[in-house]
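S.K.: Below is a structure I'd like to ask you about.
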Amino acid sequence: MGVRTFFRGVLLLSGAAFVGECLEFFINVILARELGDEAFGLYMAILPTMLFVVVLASMELPVSISKLVAERETVYHWKILMSALQLAFICAAVVMALALLVLPHLSVLDAYHDGVRWLLLLLVPVVTFSSVARGYLIGARHTAKIAIANIIRRAAQLGSLLLVFQLFSFDSTVAIFMALLALKLSEVLVLIYLLVVFINKIRETKATKEVKPVSAWEVRQKLLAVSIPTTGLRIFHSATFAIKPFFITKTLVMAGMLESAALVQYGKLSGIAFTIGFFPSFIAHALLVVLIPIVSDGYAKRDFPLLHRYLRISLLVTVVYGTPVVLMFYFFAEPITNLFFAPSEAASYLKILIPYFLFHYFATPLQAYLIGIGLVKDAFLHSLYATTVAFCVMLGLGSMPSLQMDGIILGMNVGAVLLTLLHYITICKRLSLNAWLGERTIYN
């Protein structure tokens, strides 16, 4: 892949992600209006559960399949994908069996329509098999198809919600179910689109290329070597995401703040500052998707000059968009937060969180490099170390009456900086680069 193609892929995915974020905004506006405060809260409360199901169902196959497809020649792709589909069947069956055992006993679902449990169960095969198609298209570098799929998901969800709520009126329980059904429908449409593209591309490959055999056992081993630690990383992030609200509020209470006030402050931190600060991260995610096949292919061929070049390019791209973004957050925090929300302490939180956001922008493409060069376990350990340190600093500083939320944010900043530095140092060591990205003579 040339540099021009690289930038084309990043721009396509970034543009699609931007459109998706805008559609997501309108989706939330419609849901908030149609569901009401309490029902909308219930809808948002079940999304982490759905995300957890998605993580288990996907087994991070898009990452592992894209890496393996990028590493091997086109003549091996057919056999690789047949083995990947067999693994996907097994994963879907296991997760569905677990879901059948667990979902009936989840008391948190008692407040929802009975059909929600079936929606969660039927989400599993949809996510699993779309993951196979998505992984192949990413690995084969069909970024335009991935961009279209991302837009289809949000557009289908928005269209379904508009149609349903314009034509019918429901009580709150059924309305939540219909909103979740619209989300499921969007995933089904994405699966259909991806499978059509996937089958056409495979037919083209079989018609123009000789198909060579590859060991199914070897394929499954390589896929699981990436999928298991990457899934563990996602589960770890989901768990810390779920724990963080309770941890922060309890720490603020230790600092002398009333629990109700602590919840309000966390809402401003998460609902306003995080929403604004992470909005530009769609560019970082686009870099991750484009970089994984490039890095995997380059490392398999031991093309270290190529790996060095794209590392410098991806970091430069992050500097180019990240620096003006965080400067805008610093100098225009009040107007930005007041544009969408009522005036509050969120503006000062946004300013203090600048290192947290900026270093996360850098950490995402660096994570793509760790995946591409086979250091997924290192990425998991880095997250474990950084999160542990961050929570310790958050507890120590956040429980001080003189700092409170400022101490919490400083701890989060420390964790983000540590995570990025661990990623960076590990990559430089593996690629024989010094701290300034200058080349050394021996490659590991």
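Even glycines carry a Cβ here, placed using N, Cα and C.
Whatever TrEMBL says is automated annotation, not expert-curated.
Copied straight from TrEMBL:
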TRANSMEM  42-63  transmembrane segment
TRANSMEM  84-106  transmembrane segment
TRANSMEM  118-139  transmembrane segment
TRANSMEM  151-168  transmembrane segment
TRANSMEM  174-199  transmembrane segment
TRANSMEM  272-292  transmembrane segment
TRANSMEM  313-333  transmembrane segment
TRANSMEM  353-376  transmembrane segment
TRANSMEM  383-401  transmembrane segment
TRANSMEM  407-427  transmembrane segment
S.K.: Please report, as numbers and ranges, the same-chain residues at least 6 past the borders of the transmembrane segment (383-401) whose CB is under 8 Å from any CB of it.
M.R.: 233, 236-237, 240, 247-248, 251-252, 254-256, 407-408, 410-412, 414-416, 418-419, 422
S.K.: Against which stretches of its own chain does the transmembrane segment (42-63) lie, if we need a Cβ under 8 Å and a gap of at least six residues from its ends?
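M.R.: Sequence-remote neighbours of the transmembrane segment (42-63) are 31, 35, 84, 87-88, 91-92, 95, 98-99, 106, 108-109, 111-112, 116, 120, 123-125, 127-128, 131-132, 134-135, 138, 172, 176, 179-180, 183, 223, 226-228, 230-231, 234-235, 238, 241-242, 292, 371.
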S.K.: Counting only CB pairs under 8 A, let me know which of 84-106, 353-376, 407-427 has the most with the transmembrane segment (118-139).
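M.R.: Answer, by Cβ pair count: 84-106.
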S.K.: Give the one range among 151-168, 353-376, 407-427 whose Cβ atoms make the most pairs under 8 Å with those of the transmembrane segment (174-199).
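M.R.: Looking only at 151-168, 353-376, 407-427, the most contacts with the transmembrane segment (174-199) come from 151-168.
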S.K.: Where else in the chain does the transmembrane segment (407-427) make close Cβ contacts, counting only residues six or more beyond its ends and a cut-off under 8 Å?
M.R.: 248, 251-252, 255, 269, 311, 349, 352-353, 355-357, 359-360, 362-363, 366-367, 369-370, 373, 375, 378-379, 382-383, 385-387, 389-400, 433, 435
